[in-house]
Ligand code: GLN
C-alpha cells in the first residue's frame with residue numbers, strides 16, 4: 001500500500017479464508033460506486049500469511065466456514081493490524097464469520113467460546129438451528145439506509161453489548177437473534193448478510209463511502225437498485 005496515495009484505500013482481509021457466497025462482490029461494488037463519483041481507489045488484498053496494513057480507509061471481511069473462521073481470528077489477533085486500523089478510525093464492514101470474529105467472543109464448531117479481535121461490542125455463540133435463507137431487515141433510521149436484503153447461512157447467534165447498536169430490525173429471517181440483524185459501533189459495522197450485501201444494497205455501500213469521504217453525489221438508480229427491489233418483492 002502506498003502511503004502517499006490520496007486514493008480511497010479498500011483493504012480486503014483474507015480472501016483465501018473469508019469469502020463465501022460472492023462476498024468479494026462487496027469489494028467490487030465499493031470501488032465502482034466510489035469511482036462513479038470521481039473518487040480514486042486502491043484495492044489491497046491481504047492474504048492470511050500477510051501483515052494487515054494499518055493505513056487503510058475501509059476494511060472488508062467476508063463469511064467463512066467454521067475452521068477457516070478460527071484460523072482467520074487467530075491470525076488477525078496475532079497480527080494486530082486490523083485492531084490498530086480501527087483505533088485510527090478506519091471503517092470496517094464485516095460479514096457473517098467476519099462479523100463474529102471482529103466481536104469480543106464467538107463460538108467454535110463445538111460451541112466453545114473463543115476470543116475475537118474485539119473491535120465491536122458483540123458476543124456470538126452457537127444457535128440450536130442453522131439460519132439459512134433470504135433475510136430482510138430495516139436499518140436504524142439514524143444511518144439513512146432503509147430496508148436491506150440478503151442471504152444468510154450461519155449457526156451463530158449474536159448478542160449486542162452496550163457500546164454497539166443493532167444495525168437493523170429483522171423483518172424476515174433470523175439475523176442476530178430473530179429480532180435484530182447486524183451491529184455497528186462508530187464506523188465498525190457487522191452483518192449476517194451475504195448476497196453479496198453491498199451489490200444488493202447500494203445504500204449500504206454508500207453509507208461506508210460517506211463515512212470516509214463525507215457527502216457524496218447521488219447516483220441514478222441502476223441494476224443494483226433493481227436487484228434490491230426484485231429481491232424484496234420476491235421475499236415479502
Ligand atoms: N461459521 C459461522 C456460522 O455458522 C459463519 C458462517 C458464515 O460465514 N456463513 O455461524
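Just so it is clear, glycine is given a Cβ too, placed from its N, Cα and C backbone atoms.
Here is what TrEMBL says about this protein:
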{"type": "ACT_SITE", "residues": "96", "note": "active site, nucleophile"}
{"type": "BINDING", "residues": "130", "note": "substrate binding site"}
{"type": "ACT_SITE", "residues": "194", "note": "active site"}
Assigned conformation of the residue listed as 'substrate binding site' - DSSP reduced to three states: strand
For residue 194 (active site), the three-state class that DSSP assigns: strand
Number of other Cβ atoms within 10 Å of the Cβ of the residue listed as 'active site' across all protein chains: 23
